[in-house]
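What Swiss-Prot says about this protein:
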| type | residues | note |
| --- | --- | --- |
| TRANSMEM | 11-31 | transmembrane segment |
| TRANSMEM | 51-71 | transmembrane segment |
| TRANSMEM | 100-120 | transmembrane segment |
| TRANSMEM | 138-158 | transmembrane segment |
| TRANSMEM | 167-187 | transmembrane segment |
| TRANSMEM | 202-222 | transmembrane segment |
| TRANSMEM | 246-266 | transmembrane segment |
| TRANSMEM | 288-308 | transmembrane segment |
| TRANSMEM | 334-354 | transmembrane segment |
| TRANSMEM | 364-384 | transmembrane segment |
| TRANSMEM | 396-416 | transmembrane segment |
| TRANSMEM | 418-438 | transmembrane segment |
Amino acid sequence: MKPAKQTTASLAFLAMGIVYGDIGTSPLYAFKEVFFSHHPLAINPDNVLGILSLVFWAFVLIVSIKYLLLVTRADQNGEGGILTLSAIAQQSAPKPWQRIAMLLGILATGFFFGEAVITPAMSVLSAVEGIAVAQPDLAPYVLPIAMMIIVALFAVQAMGTERIGRFFAPVMLLWFLVLALLGAHAIWHAPQVLRALNPAYAVHFVLLYGQHTLFILGLVVLSVTGVEALYADMGHFGIKPIRIAWFALVMPSLLLNYFGQGAYLLTLSAPTGSTFFSLAPKAWLWPLILLATFATVIASQAVISGIFSLARQAINYGYLPPMKIAHTSEHSQGQIYVPAANMLLFVAVIFVMLRFRSSANLAAAYGIAVTAIMMISSLLLVLVARYQWQWRWPRVVTIGIVFIGMDSLLLASTSTKLMEGGWLPLLLGCVVFIVMYIWQQQRQRLLEIAGNELSVSAMIQSLEEESFQRAAGTAVYLSRSLNHVPRSLLHNIKYNKTLHERNVLMTFQYEAVPRVHPCRRAEIEQVSASFWQVVIHIGYQEEPDMAQVMHCCGLKGLYLHPNETLFLLSSERLKVQKLGMWHDLKVWFFIQMSKHALRTSERLNIPPDRLIEMGVYREM
């Protein structure tokens, strides 16, 4: 039992460096924005205790109960994430709800990208702004320094972060201990802030401000940004270590710091705007700024890695066109680099920093995408609870009312900042949603067109009855589906008048599981004397590789010798069939994405000297 405990403890330690980076750096700006934003709340005991009570119960209800106890129950072989939750809902829900679950998953993915643009800018700026607290003369240099850090962060992505990644957990452990120490020291001088643990203070605050509470709740949301990382990174560490890290260290440290900032406001007659950095003695200020900068870089890295992982998931689910994906580690499958996503995210982050220029201005843009994702996760959770877990309606309705009601309130509160910057992540999210929706819809249409063509069995029977010249070796034809005759096969017969001794119709089927066991990788059926049908199963966290595929086929008895196997692919050129402006625009956009998508031969790592590509035209 002891080794198991050590393993769980070490995973909990590592989880601090990845999972809790975003939510762990929220004390830098969340509390400050309530009392020192463009629309500050008056500093008095009722307001301070009310806000602290709201933060505490947000941690309990949203993070601890909703995510760590409920949402994380919905997993596929231990993997989590919003697309996983959407996939589980689609598997079990009635047909009308399946498409809704798919669209909700795509929409949440778009909002995650919108949030990912704000997070690095907000986190790094809020840390570097500590320089202006230590040395006010350096205030004009805050933005350039923050931008230099962001440029360096995105520049190293191509090299991978495996070497420096080992320092993430120790740095974040030190960060959380410092948070706790600073907060506890301040609470010692004003222990009355601990009364905010009583929910009566939150209720009193809401009753006191009435409808104006919505505006203030939008700032309280900043304390739980990054909560979706708990679910998304579940596959890397397991839910038990993530829960241990939260309840044993992360949550107590964050609450101590927030309550310490509240104590600071109540004990000083003229508190300054930077409530976090003001907790530290002057001698600690520069080391604290340096530590905060490291912590925000780690938080930003976790978000960037999350975007790479989500992009790969979306590609394998068929929601995004194939892109180049590079593996940056020989030891970890999760260490990947997606150049296109990296460049788009970098440009967007730099634009946001230049547009908003400070964490105070960015606070208005931060939060609305987070609450939108929370709302979607609650809607999907209700579907999963009813149809996957088979919960009875009274239980489902209860969690629906509690969490959808709570998320609706938070979404409404962040919507009050829509015109001050909240439009930006929503706009980015909607753009990503439209791209994914058009790609998925038109790709599905192509599969339907292919399925309506000549049947595979009839075609094979016809070919076996004909007397074609036979070429030596094996020809592999890639097919969209089992019922689809590859265009490359038809063109080879039409123009070359030849067949190979062995012909393999190969289909790649992406499964709603993170990884497929090697024993289940290949399904092989010999359908005639010289034809085989092969289905290759790929998980959404995997990258297809033809060398591995050939090895798996060999294990099942179909030997594909590299020097005797030829791969014949059809390179489609799509044409628009004029049916109306909206239809034509969608098809045109799909065609443009197809032109710039990663070629099948490149994605599968097919050797160029064993490849023949044939151009074909298809009308949509």
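A Cβ is built for glycine as well, from the same backbone N, Cα and C atoms used for every other residue.
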Using a Cβ cut-off of under 8 Å, list the residues of the same chain at least 6 residues beyond the transmembrane segment (246-266) that approach it.
12, 16, 20, 23-24, 26-27, 30-32, 35, 43, 45, 48-49, 51-52, 55-56, 59, 63-64, 68, 173, 176-177, 179-180, 182-187, 189-194, 196, 223, 230, 275-276, 278-279
Dominant neighbour of the transmembrane segment (418-438) in 11-31, 100-120, 167-187, 334-354, by Cβ pairs under 8 Å:
100-120
Out of 138-158, 167-187, 364-384, 396-416, which stretch has the largest tally of CB pairs under 8 angstroms to the transmembrane segment (11-31)?
167-187
Test of understanding: applying the rule of at least three C-beta pairs under 8 Å (pairs 6 or more apart in sequence), is the transmembrane segment (364-384) touching the transmembrane segment (138-158)?
no
Determine whether the transmembrane segment (288-308) and the transmembrane segment (396-416) share at least three Cβ pairs under 8 Å, counting only pairs 6 or more apart in sequence.
no
For the transmembrane segment (202-222) and the transmembrane segment (396-416), check the count of CB pairs under 8 Å (sequence separation 6 or more) and say whether it reaches 3 or more.
yes
Between 100-120, 167-187, 364-384, 396-416, who has the most Cβ pairs under 8 Å to the transmembrane segment (334-354)?
100-120
Cβ under 8 Å to the transmembrane segment (167-187), counting only same-chain residues 6 or more beyond its ends: which ones?
13-18, 20-21, 24-25, 27, 193-194, 249-250, 252-261, 263-264, 267, 279-280, 288, 291-292, 294-295, 298, 301
Grab the same-chain neighbours of the transmembrane segment (100-120) for me: Cβ-Cβ under 8 Å, and only residues 6 or more beyond its ends, written as numbers and ranges.
22, 82-83, 85-87, 89-90, 93, 150, 153, 225-226, 228, 296, 299-300, 303-304, 306-307, 310, 314, 319, 345, 348-349, 352, 362, 365-366, 369-370, 372-373, 376-377, 379-380, 383, 424-433, 436-437, 440
